[in-house]
Amino acid sequence: MSYHKKKIDDFQQHRKFPTKPLIKRKYLNELESSESDSTADIHPSERPLKARLESFKTRTIWTLLMFGGFLLIVAAGHLYCCLLVLLANTFIYKEILSIKRNEQRDSKLPFFYIINWYFFILTELCTTSILLEERILLLGGTAIELLYQYHYVTFFSLYVLGIVLFVISLRKGSYKYQFMIFAWTHIACLLVVTQSTTILMNIYTGLIWFLLPALLVVVNDCFSYIFGVFFGRIQLIKVVPDKTLEGFIGGLLSTIISAYILSHALAQYDYFLCPQPEIILTPFTSLTCNSEDILMKKERILPWVFQYIGLSTINASSLELHAMVLGVFAGFIAPFGGFFASGVKRAFNLKVFGDSIPGHGGITDRMDCQIMMGMFTFVWIHSIVLKKPPSIASVMVQVMSMEHNDQVYLLEQLKEALENRNN
């Protein structure tokens, strides 16, 4: 009887505290683990006090160094800001590639690791040459003119060369690994490198389109944390348990208000407002331009939703309105770039993407929201803010590639059109 009683007690205990079904393990590969096994779930409060203080000290020092270095680079000029973005891209690509990379396997495969970097460099060169075409053409030179005359065929040929080299590098026993890295490389180039390279165009359009979005992401991160700590009750998203709905809403509203204030502050300086029409190596140069159109304030009718809070119109400039749109995106959508990165870390059982910045982790950990924000800024600028005809430099490239008879005919047609306009 005691044996049967023990079985009944065990059955009741099992019903009271059911174990996790083992079938879930079937869907976890060697790089994934359950949430209870993830090192990323260790709460900072569980670490010793001395370790936490040391981590805080390191993090603070490097934060100040990065902030000071960033201000120096911004003061140096547009080219140096672009170099900073390209350097960050390189580290991000390296960190993402290292998630799936097996160094022992790579060492046995001829020039396979080099091929991965070949695709990265090719993506950077292609996107940069397209985005900064007008400014690169102003540098002049036969080589540059030929490059843009045969731009697409040149980069397509280089890409095909990469495919050929990849096929040559295939080795028996490593096919699956090599194709996995090949796909991983292309995903990284498409989702990260291509998007973040658009920030280069934002920089040359005006430093305010580089600084403002970056600052808004930082503001949103800070205020989301503050509101979450003091008022957070409702979990926002399962992939990041620390994020709360109250923090999300507080961060969104604070970011929109900050966008209005920061845009007004940055607009006081031509250096931030003016576009840089050419590539200049000389650092710490000044800029002047006429920005009255974008700075002129006037009464603007707000959507009907604002009537519920007693607002029907607002006295604001075009820049301030564009800034508030960026604020809405930085507070509402850009955080999902961070959530996406957190999902990747959990999927591969990572605490951070790398150790490039002591106390902060990798460059990817700091740039996850910035990438999406930079891409949106680029789209917004060229779809809404700026609508301009092709530049003279790009038109000249097309004209010079034409036959002589076509050039003469074009000249006659242009002369006739201008005479008719004057009459």
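Keep in mind that glycine also has a Cβ here, set from the backbone N, Cα and C atoms.
Nonlocal intrachain contacts for the transmembrane segment (61-88), taken as residues 6+ away from its ends with a CB within less than 8 angstroms of a stretch CB, comprise 124, 128, 196-197, 199-200, 203-204, 207, 210-211, 276, 279-285, 357-360, 363, 367. Under the heading transmembrane segment, TrEMBL lists 61-88 (among others).
Residues 86, 89-90, 93, 97, 101, 147-148, 151, 155, 158-159, 162, 165-166, 169, 171, 174, 178, 181, 185-186, 188-189, 193-194, 197-198, 200-201, 204, 279 of the same chain, all 6+ positions outside the transmembrane segment (109-132), place their C-beta atoms under 8 angstroms from a C-beta of that stretch. Marked as transmembrane segment by TrEMBL: 109-132 (among others).
The transmembrane segment annotation in TrEMBL covers 152-170 (among others). Long-range neighbours of the transmembrane segment (152-170) within the same chain, counting only residues 6 or more positions beyond its ends whose Cβ lies under 8 Å from a Cβ of the stretch, are 109-112, 115, 118-119, 122, 125-126, 178, 182.
Among the features that TrEMBL reports, transmembrane segment is placed at 182-201 (among others). Under 8 Å from some Cβ of the transmembrane segment (182-201) lie the Cβ atoms of residues 82, 85-86, 88-89, 92-93, 96-97, 99-100, 116, 119-120, 123-124, 127-128, 131-132, 166, 210, 367, 370-372, 374-375, 377-378, 381, all in the same chain and six or more residues away from its ends.
Taken from TrEMBL, the feature transmembrane segment covers 207-232 (among others). Sequence-remote contacts of a segment are chain residues at least 6 beyond its ends whose Cβ falls under 8 Å from one of its Cβ atoms, and for the transmembrane segment (207-232) they are 74, 78, 81, 199, 242-252, 254-255, 258-259, 262-263, 266-267, 271-273, 319, 323, 326-327, 330-331, 334-335, 369-370, 373-374, 376-377, 381.
If you look up TrEMBL, you'll see 244-263 (among others) marked as transmembrane segment. Within the same chain, residues 208, 212, 215-216, 219-221, 223-229, 231-236, 316, 319-320, 322-324, 326-328, 330-332, 335 sit at least 6 positions outside the transmembrane segment (244-263) and bring their C-beta atoms closer than 8 Å to a C-beta of that stretch.
As annotated by TrEMBL, transmembrane segment applies to 321-341 (among others).
Through the fold, the transmembrane segment (321-341) approaches residues 212-213, 216-217, 219-220, 224, 237, 239-240, 243, 248, 251-260, 262-263, 300, 353, 364-365, 368-373, 376-377, 380, 384-385 of its own chain, all at least 6 residues removed from its boundaries and within a Cβ separation under 8 Å.
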